[in-house]
Amino acid sequence: MLSIVILFLLIAENSSQNYTGNPVICMGHHAVANGTMVKTLADDQVEVVTAQELVESQNLPELCPSPLRLVDGQTCDIINGALGSPGCDHLNGAEWDVFIERPNAVDTCYPFDVPEYQSLRSILANNGKFEFIAEEFQWNTVKQNGKSGACKRANVDDFFNRLNWLVKSDGNAYPLQNLTKINNGDYARLYIWGVHHPSTSTEQTNLYKNNPGRVTVSTKTSQTSVVPDIGSRPLVRGQSGRVSFYWTIVEPGDLIVFNTIGNLIAPRGHYKLNNQKKSTILNTAIPIGSCVSKCHTDKGSLSTTKPFQNISRIAVGDCPRYVKQGSLKLATGMRNIPEKASRGLFGAIAGFIENGWQGLIDGWYGFRHQNAEGTGTAADLKSTQAAIDQINGKLNRLIEKTNDKYHQIEKEFEQVEGRIQDLENYVEDTKIDLWSYNAELLVALENQHTIDVTDSEMNKLFERVRRQLRENAEDKGNGCFEIFHKCDNNCIESIRNGTYDHDIYRDEAINNRFQIQGVKLTQGYKDIILWISFSISCFLLVALLLAFILWACQNGNIRCQICI
């Protein structure tokens, strides 16, 4: 934003020492050779002197680990990290503001699904920490710590280390298990448990004896009961069986009951939930660098103060809102009408009517004058500062109107939840369309106000001078006043700074205004007078000729015969 630090700096050159006409003072505004086009309510293309781009279109090619804490899942997604899959041990105890999931993350253990995948993913991401609290579970006459060849850890058969696979005992027994855990703490607990779906009935009886099995998990407010779905499936890491993982939140004072006759994948403890933490998740292949930024997208971090961005609709942290427009320019200067070089110093000089002054560099509004001492140009601080004060806070006000920071994660749903995914995408697309429209309308409103304000200040300056001069000068209709008294540079300065005393010059101005001067004929007046003179001469010549003919006819000197 232009900051005016020079008060009425006069750029003058006495190039017209021999000027003998009446002094002239004109008002105009700043202009540049090439302005910037902005959109207003009334016009899609209005040229202004200066404008500020509001849409960020450049991003860093990396993710910034400061000030937000980033945790790189590497080959593990957040759910595998919570289950304790092999290869995810680096996530034990991890704490984050943003959990970075990689597109190349893979499952490395027994094949599984999560019926409420998106909900569990969101809970884990928002919690911001893998704070696992191990517990003692007293299971009755069953074998614990089941392992699978699909789940290798250091080339040894293993399993998810946060879960306990219960199978029948060596004595071929799997009695009813009924175990209760009470939450006596002051925080909510997240229990993750599973149900194994064997591929055949033989596998079911070999592992659990009972066919069918059943798993029921209850709290005071909820109950989930699952019967295993026995059936052959495509082999994944050598297994045609599957595990379905479920989750239950136990609030302080509540309890959880595990009831099963087979197929339970039991928890080894719980995750501590932090309701105060507001963390999130981002799926991207962009590497983590060493920069600083509060905003991250799937295409890289943003470092900007602009209120909008069109880089990515997926953004986390303290981010500008995503809009579809590639550019939205906020006018920070007045309407630009470049000066016409052929007009000269005082040819149609009214900047707010016809054109601006490119030489007016110290302010937005100013004066030009011509008197016996020469010519000069000076900026006017008062009107300039008045306009700047009204415009200066526009960007801040615009940011305040959009201060609900944009935060949009990419939601992932299981394949069976495709309709939910479609609905989610439709809602997000609609929100973006609305925000894009609102942003464009908001900027257009602000631009219209800016142009109206700057035009108004130009008119105020003109009226201020007119009220000072009154009948001491004549408005020439082009932004200039012809002054009818002697006005040296000190007099001109008094007009500019508002200290001009009309009464001092009143008598002189009145005398000069009504003084009879010789007629100064311009080429246009000469033509009119010549035509009038010629017409009168012709009329008199014809009249004399007719009078002579009538006189001659009466005296018999001329004989007229009219034949029909």
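Backbone N, Cα and C define each Cβ position, glycine as well.
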Candidates are CYS151, CYS319. Which one does Swiss-Prot pair with CYS295 through a disulfide bond?
CYS319
In Swiss-Prot's disulfide listing, CYS291 is paired with one of CYS64, CYS76, CYS88. Which one?
CYS64
From the candidates CYS76, CYS88, CYS151, select the one that Swiss-Prot records as forming a disulfide bond with CYS109.
CYS151
Starting from the Cβ of CYS295 (disulfide bond), draw a 10 Å sphere and report how many other Cβ atoms land inside it.
25
Got a sec? Which of these recorded positions, CYS76, CYS553, has the most Cβ atoms within 10 Å?
CYS76
Out of CYS88, CYS491, CYS553, the recorded positions in the record, which is closest to CYS295 (disulfide bond) when you go by Cα distance?
CYS88
When you measure from the Cβ of CYS291 (disulfide bond), which residues in the chain that are at least 6 apart have a Cβ under 8 Å away?
LEU60, GLU62, CYS64, SER66, SER301, SER303
Long-range neighbours only, meaning 6 or more apart in sequence with Cβ under 8 Å: which ones does CYS491 (disulfide bond) have?
PRO23, ASN371, TYR500, TYR505
